[in-house]
Structure formats: C-alpha cells, structure tokens
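To start, the structure under review is shown below, and the notes come after it.
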C-alpha cells in the first residue's frame with residue numbers, strides 16, 4: 001500500500017542516481033558537426049583568457065582596477081566554459097552520456113556559480129567605467145586596491161550563497177527512475193524537472209535569485225552605461241565622442257551576448273512550452289562558450305595598454321599602433 005510506495009520513493013532518492021544527458025534533442029545525427037565549432041571556440045576561449053591572465057600578472061603597470069576586473073572576468077570565463085564544454089564534447093564525440101548525481105551537482109554548481117560571478121564582475125566593470133568617465137577626479141579614491149579586493153570577495157561570496165541552497169533543494173527530491181535529461185550539461189531546472197515530486201520551491205528559488213542577482217545586475221549595468229553615454233554626448237570633440245561610442249558599443253554588445261541567451265534559456269525553462277528543445281539547448285550551449293571567446297577580444301584587445309603590451313611582445317622594437325578609443 002501507501003507505506004510500500006513511500007519506501008520505494010525513499011529508496012530511489014538514496015540510490016546512486018546516474019543521469020543520461022542526451023545532447024541536443026533532435027540533432028543527434030549532427031553532433032559530430034556541431035562539435036567542431038564548439039571545440040574551436042572552447043580552445044580559443046581557454047588560450048585567449050589564459051594569455052590575458054598571464055599578461056596582466058606579468059606587467060605591474062596593468063595592476064590597476066580595470067585590468068584586475070579583466071583578470072576576474074577571464075577566470076570566471078575559464079570556469080564557465082571548462083565546467084560544461086569538455087563533457088559536451090565527450091557526449092558529441094564518444095556518446096559518453098552518463099553522469100553521476102554528484103558529478104551533475106558539481107557541474108551545475110560551477111556553471112551557475114561562474115555565471116553569477118561573471119555577472120557581478122561585469123557590474124563592477126560598468127561601475128569602474130562610470131567613475132572613469134563621469135567622476136574622473138574621484139577615481140583613485142573610490143577604486144582603491146582594498147575596494148577591488150572587497151568587490152572580488154563579494155562576487156565570490158554572492159555566488160556561493162546563491163548556489164549552495166539548490167544542491168539541497170535537489171538532493172531532497174526523489175527521481176523514481178527518471179534519468180534522461182535532454183541537455184548537454186546539468187543545470188538546476190533541467191535536473192529538477194526529472195523529479196517525481198513538487199518542484200515549486202526550486203522554481204521559485206531559481207526565479208527569485210535570478211531576478212535579484214543577474215537581473216538586477218543587468219538593470220544596473222544598463223543604468224551606468226546610460227549615464228556614461230550621456231556624459232559622452234557632452235564631450236566637445238566629435239573625435240572623442242566617436243572613440244568613446246566605439247568602445248561603449250563593443251562593451252554593450254559583449255554584455256548583451258552574455259545576458260540575452262542566459263535569460264532566454266532561464267525563462268524558457270519556466271514559461272516557454274512552445275520553444276523547440278533544440279533551440280533552447282543550442283542557446284544554452286552558446287552562452288557558456290561565446291562570452292568566454294568574445295570577452296578577451298572586446299575588453300582586452302580594445303584596451304590600449306593591453307594592445308600595446310601585445311604589440312611589444314609580438315613585434316619588439318616597433319612602435320605600438322595608434323590608440324583606439326578607450327572611452328568606456
């Protein structure tokens with residue numbers, strides 16, 4: 001009777017569960033082809049972010065707020081892509097679709113944690129640019145080494161505080177033999193969906209924390225760039241305006257590439273019953289690999305001191321190329 005059913009539920013929730021990640025639903029035939037751009041993007045992301053970190057570590061002149069934030073961004077990008085892409089490629093190439101419950105929890109934790117940290121760092125960078133453009137005289141007093149360390153600590157602490165509860169919210173759920181997940185990596189709602197119990201606490205927790213962390217960050221970033229653009233349009237020289245707008249534009253593009261697929265994926269899990277599975281999963285895959293590829297280019301290469309340092313390394317003795325705008 002009922003006691004036996006409860007016993008079965010309890011048993012299933014303590015069994016060592018192994019999930020099966022199917023890859024991109026409906027596109028199994030194309031996995032090999034899809035793996036090629038993902039592999040190339042992952043290698044590019046790892047090499048370019050490591051190069052950026054080494055460059056910033058090696059040059060004492062780059063130990064300034066903006067470059068320290070860039071180093072944090074590179075670290076969170078490396079974590080975000082490395083938590084997901086190797087397993088994704090193993091599914092595409094070798095059909096290695098099984099993942100243990102604990103490995104799945106670890107992957108979910110690091111994926112969401114690095115996303116939250118990256119969102120916090122993008123907000124800190126937007127504030128850094130706002131102070132540099134709108135309050136230049138207060139820059140040195142506001143962005144001290146201690147303030148940068150506090151910002152880094154706050155980003156990590158915030159990620160940890162938001163990401164520990166979902167592990168316990170998922171561990172309490174019984175899965176009753178539902179193991180097949182139409183995805184290439186584990187994420188909170190993807191795992192919760194497999195449970196044969198009420199997952200409303202997971203849904204509400206995910207929705208609330210997303211709106212109060214990344215959602216709030218996105219609003220504050222938009223606000224700081226609106227204030228920066230207002231200051232830029234007041235600049236007397238058209239040349240200075242053009243340079244500043246060029247840099248602002250590239251930063252805003254990188255920020256949109258980071259947030260839009262993430263919010264699309266997040267909202268689809270909760271409300272998008274009509275979005276085809278392969279579209280949802282492809283976008284979720286792109287948001288763990290495209291920002292890590294773009295960020296070193298957009299923030300690194302478009303930053304004058306880093307460009308000059310790279311030029312000196314590649315062409316010793318040559319004069320650095322003329323500066324592009326660093327307005328934002």
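Glycine too: its Cβ is placed from the backbone N, Cα and C atoms.
The feature domain 'G-protein coupled receptors family 1 profile' is assigned by TrEMBL to 48-299.
What TrEMBL records for 33-55 (among others) is transmembrane segment.
Annotation comment: TrEMBL describes 67-94 (among others) as transmembrane segment.
Taken from TrEMBL, the feature transmembrane segment covers 106-127 (among others).
Residues of the same chain lying 6 or more positions beyond the ends of the transmembrane segment (139-165) and with a Cβ under 8 Å from any Cβ of it are 65, 68-69, 72, 109, 112-114, 116-117, 120-121, 124, 128, 131-132, 205, 209, 213. Positions annotated as transmembrane segment by TrEMBL: 139-165 (among others).
The transmembrane segment annotation in TrEMBL covers 210-233 (among others). Residues 115-116, 119-120, 122-123, 126-127, 129-130, 133-134, 158, 162, 241, 244-245, 248, 251-252, 255, 259, 262-263, 266, 327-328 of the same chain sit 6 or more residues outside the transmembrane segment (210-233) yet have a Cβ under 8 Å from a Cβ within it.
Annotated transmembrane segment per TrEMBL: 245-267 (among others), in sequence order.
For the transmembrane segment (279-299), same-chain residues at least 6 beyond its ends with a Cβ under 8 Å from one of its own Cβ atoms are 24-25, 27, 38, 41-42, 44-45, 48-49, 51-52, 70, 73-74, 77-78, 80-81, 83-85, 88, 111, 118, 125, 182-185, 187, 250-251, 253-254, 257-258, 261-262, 264-265, 268-269, 272. The transmembrane segment feature in TrEMBL is assigned to 279-299 (among others).
Nonlocal intrachain contacts for the transmembrane segment (245-267), taken as residues 6+ away from its ends with a CB within less than 8 angstroms of a stretch CB, comprise 115, 118-119, 122, 125-126, 129, 189, 206, 210, 214-215, 218, 221, 225, 228-229, 232, 280, 283-284, 286-287, 290-291, 294-295, 298-299, 302, 324-328.
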